[in-house]
Amino acid sequence: MAAATSITRFSRHIASIKQRLTPAAISVLQSRSLNLQEYQSKGLMRDHMVNVQPFEIASTPDEAIALAKKMNVDEFVIKAQILAGGRGKGHFTSGLKKGVHLTKDVEEIGNLASQMLGYRLITKQTPGEGVPVKKLMIAEALDISKETYFAIVMDRHYNGPVIVASPAGGVDIEEVAANSPELIYKVPIDIVDGINDQQALELAKNLKFSDSKVNEAAEQIKRLYNLFLSVDASQVEINPFGETTDGRVVCFDAKINFDDSAKYRQKDVFAMEDLSESDAREIAAAKSNLNYIGLDGNIACLVNGAGLAMATMDIVKLHGGEPANFLDVGGGVTEQQVYDAFNLVSSDKAVKSILVNIFGGIVNCATIANGITKAARGMNLNLPVIARLEGTNVDEARKILLESGLNITPADDFEDAAKKAVASIQ
Ligand code: ADP
Ligand code: MG
């Protein structure tokens, strides 16, 4: 019973954290990931001979108008560039509905751009307050006759890449996945053999491309797979992967993600990282190699291990406190990282107290204690610090804290630490 309650609370925590986070931040819980903007993804696709429409990128309404005037097209599509999906059904803090607009009127582009740029776009996939829009894509609007869903993901279950595809693509793909799972195809691809012609052709047929277009769609599928491999992506998602009334096969939207393990081989790709939507605290944490997620409370938590970090946040909440962050300093933590972690959490004005909860296994508690005392002295910290250290070299660690003469409250256990942290701000 007790275990069940604690698991429920644990998953509620994860759910509530995830709700507030961008996909980029969620993956902090395992490894860091890189998400590219649509225009960056399409640049890579173009390099790999995947069909994307010519596009321009504007940062001001005037620039948007000027670029559109140079494009010789009947109708334009204007798309807010943010890392989250669901833009078509989103809304801006300016009041404008939809992050994707079609128009034939060049002047209307200026009008739309001025209600998009500088405002926040809120979609199902963004945090509640939305994310700032700094760039717009302008491209030719085409008459789409068929919207399919196509993705390639690295899948742990299959130990390799899997193609996930559906003939019912477009903005309602989430509902299709939930209500009509029979319309979603999953095709595992052998990483050594790669995708073969027959698999690609069968997929194109299942996606219900027109008979005269299945070969071209199959060719695009193979090129997308080659792109996925050659850039070491963890995910390539095209929704919609479509056909136009005049018989073109086009990738209308694109989302390519990577994880950290690709970084050393894909320097050019990682150099494109756009941090303008990220929490400043999370950027600082990433520089120090700390797993950090900013939250809304006032008790900073500095913990080793993601599970212990979750449990610490849990017990803080149980005793009436609100955690200011999730922070896992990891197993191989150094004194410098402890210093950086203190710097990070204490520079957050909302933080009123710091709770350290370390279980020394691989971690040496004395390393943590030295980091704490150096940080407290170095930055003239005058926030209460509650430290619960247990495990490897704990006696030495306690001695370091005690002899430091600093105002650090030792705690005997988990619960004691949480109670003292909550009491320290009352
Ligand atoms: P999101 O997935 O973030 O909502 P998309 O780029 O998929 O954004 O755009 C949403 C919808 O807008 C698409 O499903 C498609 O119907 C339409 N759309 C996107 N690009 C074009 C285009 N170039 N021409 C016509 N319609 C488009
Ligand atoms: Mg889309």
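Each residue, glycine too, has its Cβ placed from N, Cα and C.
Heads up, TrEMBL stuff is auto-annotated, nobody curated it.
GTP is bound by GLY86, ARG87, GLY88, LEU142 in TrEMBL, and the record lists one more residue there from GLN53, GLN115, which is GLN53. Among the candidates ASN291, ASN298, ASN304, the one that TrEMBL lists alongside GLY361, ILE362, VAL363 as binding substrate is ASN304.
Ranking the binding-site residues GLY86, ASP253, GLY361, ILE362 by Cα distance from GLU75 (site 'Important for substrate specificity') puts ASP253 first. Residue pairs drawn from GLN53, GLY86, ARG87, GLY88, LEU142, the listed GTP binders, are separated by up to 20 Å at the Cα level.
Listed in sequence order, GLY331, GLY391, THR392 are the same-chain residues six or more apart from GLY361 (substrate binding site) with CB atoms under 8 A from its CB. The 10 Å shell around the Cβ of ASP253 (Mg(2+) binding site) contains 23 further Cβ atoms across the protein chains shown. Within the same chain, residues at least six positions away from GLN53 (GTP binding site) with a Cβ under 8 Å of its Cβ are ALA139, GLU140, LEU142, VAL250, PHE252. Of all the recorded positions listed here (ARG87, GLY88, ASP143, ASN239, ASP253), ARG87 has the Cα closest to the Cα of ASN304 (substrate binding site).
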